[in-house]
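S.K.: Have a look at this one before I ask anything.
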Amino acid sequence: MACKSKMKTPVDGRPEEPAKRRKVGFTGVAETVSCKANDCIKVMFVSSPDEMQETSDKEEIMCDVQFAERIFGEDGWIYGYHDLEIDLWLQSNTFHAYVDIRFSGKAASGKSPPTDIMSKLKETFGDGLTDDREAFAKSISGNSLHFEKMILEKSEAVSTSWVVENDSHHLEDRVGGDESNIRLEQVLMKSGKIVRLELSDPDVRAWHARLNPLSLFYIEGARPIVDNDPLWEVYLSLEIQDNRKKVTGFCNVYRFYHYPDSTRLRVSQILVLPLYQGMGYGLHLLESVNETAVARGCYDVTMEEPSINLQKMRDIMDVLRLLSVPTLSEQVKTSVNRSIERLHSRKAFISSGPEDHKIEMGSAGSSNGSRTEPSQYSWKEGNILCPPRYLRDEVRKTLKISKKQFKRCWEQLLFLHLDPEDKELQEVFQEGLVQRLNSELFEKDKDMEKHANKQIFDMENEYNDSVTFIMLRVRCKAPGRSNGPSPMEIETRSVQPPAEEKVKALQESLSEREEDLFGVACGVARHCMRLGIPIPTIEYWLKREVDQAVDGTSSP
């Protein structure tokens with residue numbers, strides 16, 4: 001029989017609590033050592049072995065990465081190394097890579113094992129990556145010759161050469177004495193050019209596979225494209241100096257079929273490398289895509305989730321095209337003047353009519369910078385900011401500007417022709433924005449019902465059975481089913497948010513759109529002055545841009 005230990009009973013009659021065990025401390029367990037991948041990786045773009053020498057100026061060829069978490073995991077940390085530094089050397093035309101990994105020591109132990117850096121980089125860069133510095137340096141010359149041959153034999157020039165514009169005053173600040181004139185002359189001898197390559201060619205695909213990782217480093221949310229589909233093509237911007245070519249940027253474009261007998265060019269990814277941003281390469285890339293679409297007779301050009309800066313550049317470029325193309329500019333100006341007259345008529349109606357035509361939506365920033373009460377039209381006309389349909393169709397046929405993009409450009413054209421001092425007219429314009437944004441944000445039921453009975457079916461092809469599909473309209477209800485709503489109908493019913501959330505969402509969208517309008521207006525005015533294109537408010541927007549540059553503020 002088991003014995004029971006006796007528990008001491010104190011004077012008050014309650015049993016004494018058992019003594020607590022002491023915690024045992026373990027020594028020698030190191031804290032986890034980690035480093036943010038974006039902070040410890042530097043990328044160097046080299047075109048000759050001389051640029052890899054210790055005495056060379058690495059500041060001119062080095063840049064940081066922005067989205068290294070795409071390679072090292074969602075948290076973007078590298079674990080297990082003290083004083084970690086990673087130098088990634090990329091050849092500036094073929095994108096063969098050499099990695100130099102340095103650290104003072106590895107953590108003996110910790111919560112996470114040391115990251116296998118080389119393995120992670122290999123998964124992304126593939127066989128084009130080496131850790132042999134000498135072999136990489138020796139291969140630069142031969143790789144360049146192979147690239148030159150590929151460009152000569154397998155590319156098509158889609159632009160004429162232009163002189164690369166540089167910030168010469170920054171250059172003069174960096175160099176001094178007698179060398180400054182020589183350095184400046186060398187910079188001005190550089191030219192730019194855009195060529196197009198088809199990914200149906202095996203050599204081009206192998207080269208593009210080494211280019212692909214750059215999109216992961218510098219484009220947020222980018223995914224490597226499936227380059228075995230022959231409908232992909234890449235537009236390449238080149239810097240040419242002394243017959244040597246460097247890649248400064250690229251644009252991946254897909255040729256979609258458009259019913260019944262046309263194609264649509266969609267810009268999937270566009271990137272100008274950090275060393276060459278602000279020098280006009282992005283604008284030339286987009287212009288080349290548009291010119292190709294016009295030359296081929298494509299239906300239009302679309303863009304996949306453009307960033308804020310890319311959309312701004314696109315808006316500026318398309319507005320300038322609308323104002324400068326001879327076959328369209330007069331039609332555009334006439335239609336803009338008519339729309340401005342409609343805005344004035346609406347202004348007079350609001351000033352003289354009763355106030356019950358407005359529905360208050362809460363306070364929001366107005367297009368003239370003040371705080372006003374945005375309102376929503378209850379009158380039966382269409383949105384006063386909508387462009388004429390005949391002009392929309394003509395613009396698509398002539399310039400290949402999509403319907404959605406032309407609506408943005410049309411609002412921008414009207415905004416540029418508004419008197420900045422006429423606050424009442426600005427408020428009428430804002431009401432049109434509110435009406436359009438409200439429709440886009442909260443009136444999607446019709447579109448959802450329109451597509452409710454459509455389903456996508458994957459189809460096989462000779463390249464990749466996961467990227468081909470057809471869309472068919474199908475019956476949602478089986479025979480004998482009750483008259484109740486189908487599962488698809490239930491799924492597509494929208495749930496309207498509370499009124500306060502609607503107002504907040506509308507205010508945020510309005511502020512974002514007005515910020516876009518201000519920024520593009522300044523850019524368009526600057527280019528119109530350079531090109532001699534008259535717009536009535538050009539002096540106002542040029543002054544706004546100068547004031548913002550002095551204050552160091554962005555467009556409101």
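Cβ from N, Cα, C; glycine included.
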S.K.: Tell me which of 1-22, 111-132 corresponds to the region 'Disordered' entry in TrEMBL.
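M.R.: In TrEMBL, the region 'Disordered' feature sits at 1-22.
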S.K.: Can you tell me the mean pLDDT for the domain 'N-acetyltransferase' (240-306)?
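M.R.: PLDDT averaged over the stretch: 95.
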S.K.: List the helix, strand and coil residue totals of the domain 'N-acetyltransferase' (240-306) as derived from DSSP.
M.R.: 19 helix, 31 strand, 17 coil
